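See below for the structure under consideration.
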Amino acid sequence: MKNYKLLTPGPLTTTNTVKEEMLFDHCTWDDDYKVITLEIRRKLLELAHVSEEDYTVVLMQGSGTFGVESVLTSVVGDEDKLLIIANGAYGERMEDIAKHAGIPYMIHHEVYYKVPDAQKIAEILDQNPDITHVSMVHSETTSGILNDIEAVSKVVKERNRTMIVDAMSSFGGVDIPVGEWGIDFIVSSANKCIQGVPGFSFIIANKQKLVESKGKARSLSLDLYDQWATMDKDGKWRFTSPTHVVLAFSQALKEMEEEGGIPARNKRYTDNNKLLIEKMAELGIHPYIEAEHQGPIITTFFYPENHKFSFTDMYTYIKDRGYAIYPGKVTEAETFRIGNIGEIYEEDILKLIEILTQFLKENNE
Ligand SMILES: *Cc1c(COP(=O)(O)O)cnc(C)c1O
């Protein structure tokens, strides 16, 4: 029987009550459905600590990348210039998007195990007055590092540029006061820390900047302004909405409130993560990111030393016993990753360690 929990950074393990919402085929045109979308948008504003006067929410069909692509291709005009800050594959994906769409851009690379330095970004902005927009990832899922978007947003704001954040794997799991930090566009998706299922992304946008972007979009389906203009009228989606995913997401938001909102979820994830790192250390397995910058979402671990080690063998062994883990994604070292978001609790982390301990024992003879 196919039955395991996901220790991956999304899709992740959801509750049965979230999955059960998808047993109903909802129609899309009546008020019953449209109010669900409106309510989701209202709750996301609350989670971002912003008001309806200054910010708004757009839901966009597709996976998380569709949301990032929608923002970059809709708000950075042909006369503008984007500075991409990258210390992982998701930052680099923004460059891919810019290349495909012909968006004028420059990129600032940082090594994967370091957080980009706000002072350096400030210097780049001062040397390049033609840069109008800056984009970066908050939780770089490639490594598990948590970037300091507060410090970077500050220098961007002080210089009157537009700040775009990919908070895909952190929004809902890490508290982000979007307005206070001066973030203009922040993107996440249904299947990460809110604990819904895959099918749409969402963008929390500075309303004025969104309105200014009207007519700039390079794509029809990913036109952020048009998507918003339709949805903002009464909650109707432009083009077919992923109804089952929307119902599941609405339930996931309710369950998040019941858990105690972002603070409670952050605590559970952080506790999971700390326990995981502590127990792995006892097995001689150490994280790739220094403790100071390690985020609470996913951890990259080096392969254990002095051990005949095969990731595939370990993966299969663990999966047969109830958990799916993740291969590494950093380029310069042999690593694997373990996510601890979703319906994952202390007992799961302890169970995983037990399985891994047994695997290492059996394979070290
Ligand atoms: C998951 C994720 C994305 C989106 O990936 P999709 O596969 O398109 O859902 C983007 N950025 C980060 C940091 C992510 O963790």
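Cβ atoms here come from the backbone N, Cα and C positions, even for glycine.
The domain 'Aminotransferase class V' feature in TrEMBL is assigned to 39-329.
The Cβ of K192 (N6-(pyridoxal phosphate)lysine) lies under 8 Å from the Cβ of P9, G10, L12, G64, M168, S169, S170, F171, G172, G173, I341, each of these being in the same chain and 6 or more residues away along the sequence. In three-state terms derived from DSSP, K192 (N6-(pyridoxal phosphate)lysine) belongs to neither a helical nor a strand segment and is classed as coil. Residues annotated as N6-(pyridoxal phosphate)lysine in TrEMBL: K192.
The substrate binding site annotation in TrEMBL covers R337. Secondary structure from DSSP puts R337 (substrate binding site) in a beta strand.
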C-beta crowding around R337 (substrate binding site), within 10 angstroms: 22
